[in-house]
Amino acid sequence: MLKDQNLDIERKQDHIEINLTKNVESTLKSGFESIHFIHNALPEINYDSVNTTTTFLGKSLQAPILISSMTGGTTRARDINYRLAQVAQKAGIAMGLGSMRVLLTEPDTIKTFAVRHIAPDIPLLANIGAVQLNYGVTPKECQYLVDAIKADALILHLNVLQELTQPEGNRNWEKLLPKIREVVHYLSIPVIVKEVGYGLSKKVAESLIEAGVKVLDIAGSGGTSWSQVEAYRATNSLQNRIASSFINWGIPTLDSLKMVREVSKDIPIITSGGLKSGIDGAKAIRIGANIFGLAGQFLKAADTSESLLFEEIQLIIEQLKITMLCTGSRTLKDLAKAEIRL
């Protein structure tokens, strides 16, 4: 057990370092580069009246942005999460925590995840890999993770390709959907199911919605490739070659968004995976997202300073607002109907 705990910590340290220092981008594009807004040269809107506010999980957001799940469990991760939480609270946006599995075996790591005292007002998302339900994690333990950080929802992330390219990864993905359904019905708060960079298909979305999942984070291809991250962690040539061969795997984010929105007009969708700017976020809103998530550039900024992170988030928000005004969109509902060309 101690060996497994140490491996969890070591893996989290590796993931931070690799994401900060290596090129781990998918060779696929997110797809949003193919969408272009029709410029409105006469919007008849005062910039000060452009309204980016929305609600998510019953809480108000100043902008439809999620700091996507990244890290936890280590001292460096604690510092990053504290900065992320401070700035998320200041900016009025949502935040997801990294995988909290380690907390089930290492209670002392709670200090690297517990940020509610820093961010009392924002939507805060707990997180664990869905496959852990096949390896002994129970609905009661999922509720424990939620309670430990006073979360507004629990993310169950689907990372099958990442697990299969880890030498220590979990291989048993059989009969997982019934266990997800069990967690959905056990928890006192909503369950979000999230991919990690390879997209949700129409068929998977249908199954998850039928199981009672309340929010989907499509996390398509076009951003971080976790198989490429694992390629850098590989300890031998074979492991490296296996992981590297999936650099262009997955459903591009735009395609996944369209598929999932076709399944349901009502389910809240978080769109993430390869979004680089508020302009990309605006495109996601236009195609059917409720909020959009980013991680990579926030991680790099948060590892440096709170001020740099706040500047990065302000950049995203300003890009979004300018896009809204230049499309004649006073609100996010207006943006969802803005003219585009493909």
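Heads up, residue numbers simply count up from 1 along the chain you see.
Just so it is clear, glycine is given a Cβ too, placed from its N, Cα and C backbone atoms.
What Swiss-Prot says about this one:
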BINDING   Arg11, Lys12, Ser99, Met100, Arg101, Gln162  substrate binding site
BINDING   Ser68, Ser69, Met70, Thr71, Ser99, Asn127, Lys194, Thr224, Gly274, Leu275, Lys276, Ala295, Gly296  FMN binding site
BINDING   Glu163  Mg(2+) binding site
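In the three-state DSSP scheme, Gln162 (substrate binding site) falls into the helix class. The DSSP secondary structure for Met100 (substrate binding site) is coil. Most buried of the binding-site residues Met70, Met100, judged by other Cβ atoms within 10 Å, is Met100. Whole-number maximum of the Cα to Cα distances across the substrate-binding residues Arg11, Lys12, Ser99, Met100, Arg101, Gln162: 17 angstrom.
When the binding-site residues Arg11, Ser99, Arg101, Gln162 are screened for a C-alpha within 10 angstroms of the C-alpha of Met70 (FMN binding site), the residues that qualify, in sequence order, are Ser99. Look at Arg11 (substrate binding site): DSSP puts it in a helix.
Neighbour density around each Cβ, counted as other Cβ atoms within 10 Å, peaks among the binding-site residues Ser68, Ser99, Gln162 at Ser68. Spatially close to Lys276 (FMN binding site) yet at least six residues away along the chain are Leu294, Gln297, judged by Cβ distances under 8 angstroms.
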